[in-house]
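S.K.: Submitted below is the structure of interest, expressed as structure tokens.
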Amino acid sequence: MQADLYPSRQEDQPSWQERLDPVVYRSDLENAPIAAELVERFERDGYLVIPNLFSADEVALFRAELERMRQDPAVAGSGKTIKEPDSGAIRSVFAIHKDNELFARVAADERTAGIARFILGGDLYVHQSRMNFKPGFTGKEFYWHSDFETWHIEDGMPRMRCLSCSILLTDNEPHNGPLMLMPGSHKHYVRCVGATPENHYEKSLRKQEIGIPDQNSLSELASRFGIDCATGPAGSVVFFDCNTMHGSNGNITPSARSNLFYVYNHVDNAVQAPFCEQKPRPAFVAERENFKPLDIRPQQYL
């Protein structure tokens, strides 16, 4: 077991530490699958939005399959869904790269996974995948957090060599609850307060209350770095570092949001025992044993 380089949830007062790991693991930017300045932007800000990476026809295909799964009683009863805390409507369906042939192919699409492979510097596997819905009028907010804090403490992910990829299936506009991020926050790790409860994921995936930063830390991060919204038309893709501070507002507009979400982790950064006193989260939330490196290649869907 590796040493705990990013402790959290151990003290009664929050604290900060500087990031110990690179953000971009390759320096040969001339060989990057995207423009060098985009890689440099990811290094600086901790996220990147690439508009129109997928075509309108591809998005329509993905949305049709997403809606089919959303209405499938077998999916609803699979134990791999998260529902809105008030309405009971499906918010997320997990493990789509394992349970759905189409979305398994999307996980290995060179347009997205190839970028992740370059940034992380080698072979990848999918730590987590899901499709997300934020309905119009009733979509709830999700509070500020660093994904890595949870993946480290509750899943045992040793280092910051992981990133998320969100494929937008609807237009993300400032008014309909898009992802908000603090540019530059990924270079600072906020140690949170509060012991991890048993089976915490059952509640935290609906509304996280443990493993969230204190308000003073959030205020300081926002003061230093500001807050940006990841907006773009359907077919755009948002890449963001595992430690970038992010969250989203509720959606009280008629404009629903949905996306496909893949977490790419380097194979050398596979999870181990959690850095807390609880058992690991289930595999549909955090892949632990049955993974192999992605066979990243161009994909044809139409």
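From the backbone N, Cα and C atoms, a Cβ is placed for every residue, glycine too.
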S.K.: Could you look at His246, His266 and say which one Swiss-Prot places alongside His145, Asp147 in the Fe cation site?
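M.R.: Answer per Swiss-Prot: His246.
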S.K.: What are the non-local neighbours of His246 (Fe cation binding site), defined as same-chain residues 6+ apart in sequence with CB under 8 A from its CB?
M.R.: Tyr47, Trp144, His145, Ser146, Asp147, Leu179, Met180, Leu181, Met182, Phe240
S.K.: In angstrom units, rounded to an integer, how far apart are the Cα atoms of Lys134 (2-oxoglutarate binding site) and Gln128 (L-ectoine binding site)?
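M.R.: That comes out at 19 Å between the alpha carbons.
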S.K.: Provide, as an integer number of angstrom, the distance between the C-alpha atoms of Gln128 (L-ectoine binding site) and Trp151 (site 'Important for ectoine stabilization').
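M.R.: Rounded to a whole number, the Cα-Cα distance is 10 Å.
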S.K.: Go through Lys134, His145, the listed binding-site residues, and name the one with the sparsest Cβ surroundings, counting other Cβ atoms within 10 Å.
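M.R.: Across Lys134, His145, these binding-site residues, the one with fewest Cβ atoms within 10 Å is His145.
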S.K.: From the centroid of the CB atoms of His145, Asp147, His246, the recorded Fe cation site, which same-chain residues not already listed sit within 8 A by their CB, in sequence order?
M.R.: Trp144, Ser146, Phe148, Glu149, Thr150, Thr244, Met245, Gly247
